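Over in TrEMBL, the protein carries these features:
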REGION    1-39  region 'Disordered'
COMPBIAS  9-20  compositional bias 'Polar residues'
COMPBIAS  21-37  compositional bias 'Low complexity'
DOMAIN    38-165  domain 'ALOG'
REGION    156-183  region 'Disordered'
COMPBIAS  174-183  compositional bias 'Pro residues'
């Protein structure tokens, strides 16, 4: 699995993506369709990278034989290219979001990056003909792993991941009756 090395693009947590050296060819050029969005480009790149990972897997795996366990193996593999310091419980900076000094704790992929990556791969799987019920990126084990990573990183870095509350549209209240109408 030496043929590609990921780099994390860091602009903000919602648009983090995994870029892979040597995987920059684009089959999108030459189409008369509109220019794909940044999300679509990331999704395409991530899908190609996962396909490359399956091809380099020993033994090589076909997408139809891919399971949630293989997705977890892929996510753990990506951890070695992470840039987020995750303190261990024995570290004096465990639970501190901004430690005052360096420490030997490992660098990992940030939970937000992994969560966004899985969302893109889940969508790409279905767009490429996969059946939603057979989507390995939506497997229970993958959801549990992401929750575990989020909780571990939250405690280790002293950062709480609050679920964003959806804004509800303002409901129109019925207009009061006009004054002076004795009904």
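Note: Cβ is positioned from N, Cα and C throughout, glycine not excepted.
If you average pLDDT over the domain 'ALOG' (38-165) in this model, you get 89. Broken down by DSSP into helix, strand and coil, the domain 'ALOG' (38-165) contains 75 helix, 4 strand, 49 coil.
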